[in-house]
Amino acid sequence: MDDTAAVLGLESSCDETAAAVLRADGTILAEAVLSQLEEHAAFGGVVPEIAARAHLDHLPRLAARVMAEAGLGFADLAGIAATSGPGLIGGLIVGASFGKGLAIAHGLPFVAVNHLEAHALTATLPGLVEGGARFPYLLLLLSGGHCQCVAVEGVGHFRRLGTTLDDAVGEAFDKAAKLLGLPWPGGPALERLAATGDAARIRLPRPLLGRAGCDFSFSGLKTAVAHAVARHPPGALPEADRADLAAGFQASVAAVMADRARHALDMLPAATALVVAGGVAANGAVRTALAGAARERGLPMVAPPIRLCTDNAVMVAWAGIERLRRGLTDPLGHAPRPRWPLDQLTA
Ligand code: KG4
Ligand code: ZN
């Protein structure tokens, strides 16, 4: 595949509908993300059925828009890459089927992209890091649905070093935020509240800190917040306590993250960088703590810009390009998978 070949990426695994056109040299020709936050906010979380219908409504228009912006017709493409798991099955079916339809209509190769691989390979986008991150690197995938330390050794070559024993870190942020009366999604709101609080006044647990390996656990921390809130009558948590609890929670998560990252780096001594991805990578305290852990080892911390950390289609198109380059395509009969662990990938 030469550097001017272009690929259309489609993302529909959760509540973001996204499409992007990328050139094989990593140039982003066009990108669009439509968040469904408003559709789901009233329910305090993503409703799978609503998400699938919204993808069906928006994806064809979004794909047409990025193609027009890129100045390309579908027949000019070198392939179609669509997220095919893991995620909410309804949305995956919508995105993958739409992508396959385009592939059939225009005689293009189809790539069934693993959403986690797409997050993991974002750091290799040229232009993001000078020359792109080099394999192997340590990835911390910190989102609402995932919380993993992954050794990224190459396209299709991943080793999960550790994962959460209970909640994903973004989920923990969202639950703690809810306990503090903040609107969904809670992470950004909790970070804003934490900025006004004293992290040292209410000491919260730091689950698994210092423990061997690099697994995570957040349910004890969440329960500690719940107990602190429950000491007051419903709705009567003093404002200062709210802010201090938010700050204490965030400080605990950041400290645990740095500790887990140190352990994970011990497990991957050849790592060239510490890469963070996922919505929680937007959190300033978490970023600072992880940058510190990387610096101790003389490694750079690579954090893609926020719009490429959260769900997007640029990463899907890029994963598609990396696979197409290696001649890795998928049959049109490829079935989307709600569960699709990174270590079950083929390359
Ligand atoms: O990667 P993402 O956009 O979607 C998936 O889960 O795939 O991550 C969303 C998660 C939510 O749980 C949200 O609360 C959290 O990332 N998040 C944050 C921040 N921004 C987003 N958590 C803490 N601090 C933030 N600034
Ligand atoms: Zn994601």
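Backbone N, Cα and C atoms are what each Cβ position is placed from, and that goes for glycine too.
Following the DSSP three-state reduction, the secondary structure of H119 (Fe cation binding site) is helix. Summarising the annotation, TrEMBL assigns Fe cation binding site to H115, H119, D311.
Summarising the annotation, TrEMBL assigns substrate binding site to L141, L142, S143, G144, G145, D174, G187, E191, N283. Around the Cβ of L141 (substrate binding site), the same chain contributes L116, H119, A120, C147, Q148, V150, A277, G278, each under 8 angstroms and 6 or more positions distant in sequence.
Summarising the annotation, TrEMBL assigns domain 'Gcp-like' to 27-318.
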Quick one: average pLDDT across the domain 'Gcp-like' (27-318), no decimals.
95
Could you state the whole-number distance in Å separating the C-alpha atoms of G187 (substrate binding site) and H115 (Fe cation binding site)?
21
DSSP three-state call for L141 (substrate binding site): helix, strand or coil?
strand
How big is the Cα-to-Cα gap, in Å, between D311 (Fe cation binding site) and S143 (substrate binding site)?
9
